[in-house]
Amino acid sequence: MARWSGQIMCFRVGHFLLVGHFLLVGNFLLTDDSDTFSFVALGGGREVGRSCHVISFKGKTIMLDAGVHPAHSGLASLPFYDEFDLSTIDILLISHFHLDHAASLPYVMQKTNFKGRVFMTHPTKGIYRWLLSDFVRVTSGAESDPDLYSEADLTASFNKIETIDYHSTMEVNGVKFTAYHAGHVLGAAMYTIEVGGVKVLFTGDYSREEDRHLNQAEVPPMKPDILICESTYGTGTHLPRLEREQRLTGLIHSTLDKGGKCLLPVFALGRAQEILLILDEYWEAHPDLQEFSIYYASALAKKCIAVYQTYINMMNDNIRRRFRDQKTNPFRFKYIKNIKNLDRFDDMGPCVMVASPGMLQSGVSRSLLERWAPDPKNTLILTGYSVEGTMAKQIINEPNEIPSAQNPDLKVPRRLAVEELSFAAHVDFQQNSEFIDLVDSKNIILVHGELNNMQRLKAALLAKYRGLKNSPREKTIYNPRNCEEVELAFKGVKVAKTVGKMAEEKPHVGQIISGVVVQKDFNYGLMGVADLREHVGLSTSSVLERQTVTVNAGVDLVKYHLEQMFGYVEMRETENVKIEEMEDDVAEEEEDKEVKQEVEDVTMEGEVKDETAEEVKKEEEVAEEFKQEVEGDSDTSAGTTFVVMNSVTVKHTPTSCTIEWVGSCLNDSIADAVLAILLTVDNSRASVKMSSKQCAHSHGHEDGHSNSSLDERVLQLSSILKAQFGDSYIVSEDGKSANIKIDAMEATISFSDLSVTGSPPPLVQRVQVAVDRAISLVAPLAQKLSAVDLVEGFKAIENVKDREENGEVKAEDEEKVKAEEKVKEEE
């Protein structure tokens, strides 16, 4: 299985990333260094409210939720957006429509440099528009805090939001994400996200208990590497659903019997519909209560009920069965009256009021609280989670007085009863722990929980998984604060699929294959250059570069300097094509003349045309001048060509050298080196020394830089191994192998394929490394000497030895000497 080696060079073309040329051996498996997954909580870290988390991996950035803090207002309620560059975010996923998860989305989309795409489920988008419109109405006009955004900003952001169906997978720039049912509220979703092979599960707010209209949260089929999980209730435990409902209806029934009023602060959407279903069914079963009115006070009451009536098919079997069998819509309540405000509310006698907002910070629920607080017959039932810093959290402690919303200095006496009965549809410890077991993720990041609850949950989980420590299933748990970064290292292993002509040929182990790796998002393809247009849509071209420099040096000097740098330079003679062509033309012309002359001689019946000696001499002079002219012109066309590293050609003429190469990073580097050498040939001291003559005549000298023959290299290889291992290196009698024996350890080198066998493995590995290094040492830089060449060299040496023993070599040498003497005599 091959790994990448060497230096990676890449450049981007459109959506594709071309990763140079690489050599791969065996299977095409890409491995790279550790990649870091980053998680930052801009909100919702060790707190409940303004949920906003950012994950980054492999150059992709995803934001999860964009809410506000219900205990604050204005800019103070926003997540810490200033701590992150929002322009780098590719995708923003909204889990559900609650204000602490979605209310700052218009601010992000319209007031910042955010450029990504936003996704949420269809019901969430349907409710988002009306819920945030009410949020703008309630929060606008405050003198102390500027408005976060306007109605126009909300409308503009709404038009940019895209929707996703449950169980459908979408892909954006290589990031895949899928929505699953999360329970909690209508349209709530948990998301599985896959980025560069790393799988993440973000639960958002979720419930593992089926209620009257929603299914419980699903367990995604994939096993995530990272779980981002809510910790709202920490280690707390909920009452069973039926017991909670009985206690709720019992409290309401007893309050009405004693002539009091019941106030149930809720969010306008979500848990309010669940409570209304419970109350409507209870009133149907108890005719004695039907004289008391149930009010649902919300400016969005009718609009929101219409949304719930629209998305019945996304609810549980109970609601769909009632809709199918009874032919009625369960959300068309029989005993519940909708009111937008308190202007026409007849505050006389016992009643039940379900009013928003749920945190009692302002609005109808806060007004009624201050109005009903002094009467001990009244009851306040908190059905949702109370966030730290809100009136709902404060009144749980049952203070004697509460401040007025309009004038905090004005105190209102509290005499009404306060009961907390959670219908918040969040998981308790048992449900959360079971879900974490089913998901079975090694890395768990806790969010959306107050500090104490989150720390208790972390401690409980660590105690539960203590037995998995130092095992493959060991779990790591994080509970970061806001703006604290969590980094997790993942080693990515990616497979490059061969396509095109390269995929048609089945490679064998050990084969070297050259191609281009093309990356699109997180997918890799290995193909030949010729297949780029067909499979990727990219056109290719080769740039032939040429440069001519003045070089006043002969062929020998140029060859000498190139060999000093590159070790081996292939030399090719450039034939004088011009002279040969002209001589051929002259020969053909003369042949035509002879044929023509023969024809004339036949037709003239033996007549012979006399030519004077002067005319013959004149023609000979013209031919001689023509020949000299041709030979003079041949100096510019004849020359020598050198090939350096099989990539750069150097055409040498008496006055210049022309360098040609196909443009690439490697070829450009070689060409630069060749050019630098040619520019220094003239003034090099070595050139002066070599070109000077110690005698008046010119003759050849021994070339000290000539390339060694194959036989010499084979002997050099054996000498290197002998020097490395000393007396332990012994060549076998047949010369086909060599043994290296050190104490009880022994390794054998086979000269047939230059393989090493023996034991123990460390010795075999060391000997193999020595053989490989020796092979690379006996050949020049530019000439690759394969094991096959060396094996042939060994065979040639053995053949010569055998022939010497048989006397064949001596006879051949004598015949060769006689042949040379005969040639000299003939000369």
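Any Cβ shown, glycine's included, is placed from N, Cα and C.
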Given that Swiss-Prot annotates Asp100, His101, His448 as Zn(2+) 2-binding, name the residue from Asp205, Asp346, Asp347 that shares the site.
Asp205
Same-site residue for Zn(2+) 1 (record: Swiss-Prot; known: His96, His98, Asp205; options: His184, His213):
His184
Checking the recorded positions Asp100, His101, His426, His448, which are within 10 Å of His184 (Zn(2+) 1 binding site) at the Cα level?
His426
Cβ contacts of His426 (active site, proton donor) (under 8 Å, same chain, 6 or more positions away):
His184, Asp205, Tyr206, Ser207, Glu230, Thr232, Tyr233, Tyr385
Count the other Cβ atoms sitting within 10 Å of the Cβ of His101 (Zn(2+) 2 binding site), across every protein chain shown.
29
Sort Asp205 (Zn(2+) 1 binding site) into helix, strand or coil using the DSSP assignment.
coil
Among all protein chains shown, how many Cβ atoms are found within 10 Å of the Cβ of His184 (Zn(2+) 1 binding site), not counting that one?
29
Inside 8 A of the center formed by the CB atoms of Asp100, His101, Asp205, His448, which other residues of the chain have their CB, for the recorded Zn(2+) 2 site?
Gly44, Val48, Gly49, Ser51, Asp65, Gly67, Ser95, His96, His98, Gly204, Glu230
Provide, as an integer number of angstrom, the distance between the C-alpha atoms of His96 (Zn(2+) 1 binding site) and His448 (Zn(2+) 2 binding site).
14
Can you list, in sequence order, the residues of the same chain other than His96, His98, His184, Asp205 whose CB lies within 8 Å of the CB centroid of the Zn(2+) 1 site?
Ser95, Phe97, His101, Ala182, Val185, Ala188, Gly204, Tyr206, Gly270, Ala425
I'd like the number of other C-beta atoms within 10 A of the C-beta of His98 (Zn(2+) 1 binding site), please.
27
Cβ neighbour count (within 10 Å, all chains shown) around Asp205 (Zn(2+) 1 binding site):
28
